[in-house]
Amino acid sequence: MTRYIFVTGGVVSSLGKGIASASLAAILEARGLKVTLLKLDPYINVDPGTMSPFQHGEVFVTHDGAETDLDLGHYERFVRTTMTRNNNFTTGRVYEDVLRRERRGDYLGATIQVIPHITDEIKRRIIKGAGNADVAMVEIGGTVGDIESQPFLEAIRQLRLEVGAKRAMLIHLTLVPYIATAGETKTKPTQHSVKELRSIGLQPDVLICRSDHPIDISSRRKIALFTNVEERAVIALEDVDTIYKIPSVLHAQGLDDIVVERFGLACGSADLSEWERVVDAKLHPEKEVTIAMVGKYMELLDAYKSLIEAMGHAGIQNRTRVNLRYIDSEDIENQGTALLEGADAILVPGGFGLRGVEGKIAAVRYARENKVPYLGICLGMQVAVIEYARDVLGWADANSTEFDKSCGHPVVGLITEWQDATGATEVRSESSDLGGTMRLGAQECQLEANSQVRQCYGKDEVVERHRHRYEVNNNLLPHLIEAGLKVTGRSGDGALVEVIEVADHPWFVACQFHPEFTSTPRDGHPLFSGFVNAALAQKARKA
């Protein structure tokens, strides 16, 4: 019988509801409970797949091919549960399904309203997403008081009532600001945020109070008094030097005990030794490398959230401080590759569209010609193929049809036919919808023996997640191979290029998939660990 923990936020956005939820879930998992997490997004987009990275940040791809909120990446990094398309839904998705049923006649001519039809659909999706977990954390996006969040808050109010107090509780994150001129923290914003919640029938059971300064006992007592929350359930969460400390911070204040007692769960004590090891390795590195990351969304680094975290995980696994030097690919176009000098390795991540592509291609050429370790991901592989065709084969007009549909040598092109998650053949074209029409989710990849990528993974077959609609053109591939390009990874059926390497180079690997989506702080990821080791070797060669 699943218990539900609803998580809301107040005062301001971006308080870290996702990380707080994932951290509590990690503690409960460490106590032997089966946990899952859901993210409910109030925006009207059906999913974040076509949203600008500058507005939304990263689109996290699940194993089953859903394009979801980046918080699901936090969830998978903190718990062992694999998220699916059922772990994230939006207002747009809810309305789309309700309207489809209305058109089909499922409501028998009823007037479709927010209550009960929209709220019932939200509740149905929460219950479905929770599955058979012991505890389901349900994070409501946005801030209490936002008009967009109201149907979700009403739905969880109803669900709390329906399942009963022994199976549902509410955690509310708020901000306790520090006023420097007064020299004290202020509790009034938290009081008003809880007042807003209570006005719609929701009484928090726990408050997690975010602050950049310590919150003293008297302030916590004051918050408890004015919000009708137990004093021990007012949890102080100050800024920390690594997010992987947060499970220990919450555990030290007894948050998991409050949950277990409330739900009457029989479970063991929490063993957080894995997290202590992660934090120790993160904060006490023995080595250091600098890696140039050449991207096109550098104004909002959340666009590369999983990738940045994955590089940190590789540092943890190698006891190495990984300093990422963020370089906008357009700056390389304007200022040249001198921006890359001094880097121990070069990383080119994915992206869409023509802007900044020539800067990425220049970064690839610099890495290849100067024997600097290189890792390309998704577009980072495609630009590596383009660079090789131009500068090794001499095809000056080589390009991707994404950027130049009439180029003379389209070494990367739109794949027009493949199988969807059900095994059915799906045909697509340039005129297909942009949303939900990519090669998405986990796919098998066969690795070549004696390759750098095979050495990293230590096995012949891997499963990695994809998010792209362009592939290496098989018609021109033989020319690339003849010129020395090595194809060291192919799709399970052998039809598509998944990994390339360059001969006579210390470490040059580019992959079509996104390995960052499966990297975790406790386990790391073999490809990123191999990349950091290559950067360490490069640094030693330069010394």
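First residue shown is number 1, and so on along the chain.
Cβ coordinates are placed from backbone N, Cα and C, and glycine is handled just like the others.
Of the residues Ser13, Ser14, Ser400, Swiss-Prot puts just one in the CTP site with Asp146, Ile147, Glu148, Lys186, Thr187, Lys188, Pro189, Thr190, Gln191, Lys222: Ser13. The ATP site recorded in Swiss-Prot comprises Ser14, Leu15, Gly16, Lys17, Gly18, Ile19 together with one of Asp69, Asp71, Asp97, Asp106, namely Asp71. Binding of L-glutamine is attributed by Swiss-Prot to Gly351, Leu379, Gly380, Met381, Gln382, Arg469, and within the candidate set Glu333, Glu369, Glu402, Glu482 the record adds Glu402 to that site.
Spread of the ATP binding residues is 12 Å (greatest Cα-Cα distance among Ser14, Leu15, Gly16, Lys17, Gly18, Ile19, Asp71). Look at the binding-site residues Leu15, Ile19, Ile147, Leu379 and count other Cβ atoms within 10 Å of each Cβ; Ile147 has the fewest. The Cβ of Glu402 (L-glutamine binding site) lies under 8 Å from the Cβ of Phe352, Gly353, Leu354, Val412, Leu414, Tyr470, each of these being in the same chain and 6 or more residues away along the sequence. Within the same chain, residues at least 6 positions away in sequence whose Cβ sits under 8 Å from that of Asp71 (ATP binding site) are Lys17, Gly18, Ser21, Ala22, Lys39, Phe60, Asn88, Glu139. Among the binding-site residues listed (Gly351, Leu379, Gly380, Arg469), Gly351 has its Cα nearest to the Cα of Ser13 (UTP binding site).
Here the candidates are the recorded positions Leu15, Gly16, Ile147, Lys222, Cys378, and by Cα distance the one nearest Arg469 (L-glutamine binding site) turns out to be Cys378. Within the same chain, no residue at least 6 positions away from Lys188 (UTP binding site) has a Cβ under 8 Å from its Cβ.
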